[in-house]
């Protein structure tokens, strides 16, 4: 009997029979209480699959946040300089007053923060993303750095981007002020002189921008130059 037992043990442990019995056991484990066969257990989602799900639910467009924040800060700086300059000029015109406040408290108390918010929101929502997309388009359309492409970029920048910026910022400012009905007269009186002054300022700046500045830094460079332009533009919009 011992020999039969050992023989039976040997027969039971044959590899082919062991695989069959293991599959039967797995089949029983995969059955529910009513005897119905269940599918294989679900594997947990890997990190790559969860990442792909998260990416598919994300925002479909790449918003240039850094360029937008840079443009907002620099446009706000230009408007602040314009307001401070206007306040200093007004104080000098009034002359010394016995009950006049000190310069810094006067500037802080009488500063038009809503006006600053208007120009900063324009930089964040419109100028920063829009100009970044425009420079990307120009670089993809004309990737070679030649004299012809540089001249074409400068020309397109002035005849396309310049008028768009002036028209949009005038409309944005009048929209915030609730004066859209006055927008045609604003364009008629101030848009063309502002555009011509912009040609004098932006053509040299655009040559440096397209000829020497890399694409990721172009919005920051143009916005830095626009501090002085926004100083002029903010004065023109609010006169």
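Keep in mind that glycine also has a Cβ here, set from the backbone N, Cα and C atoms.
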Worksheet entry | Range annotated as region 'Disordered' - as stated in TrEMBL, picked from 20-56, 57-93 | 20-56
Discussion item. Transmembrane segment per TrEMBL: which of the ranges 102-134, 201-233 is that?
Written reply: 201-233
Worksheet entry | For the transmembrane segment (201-233), sequence-distant contacts whose Cβ falls under 8 Å of one of its Cβ atoms, 6 or more beyond its ends | 64, 67, 70-71, 74-75, 77-79, 81-82, 85, 119, 123, 127-128, 131-132, 135-136, 138-139, 145, 150, 153-154, 157-158, 162, 169, 194
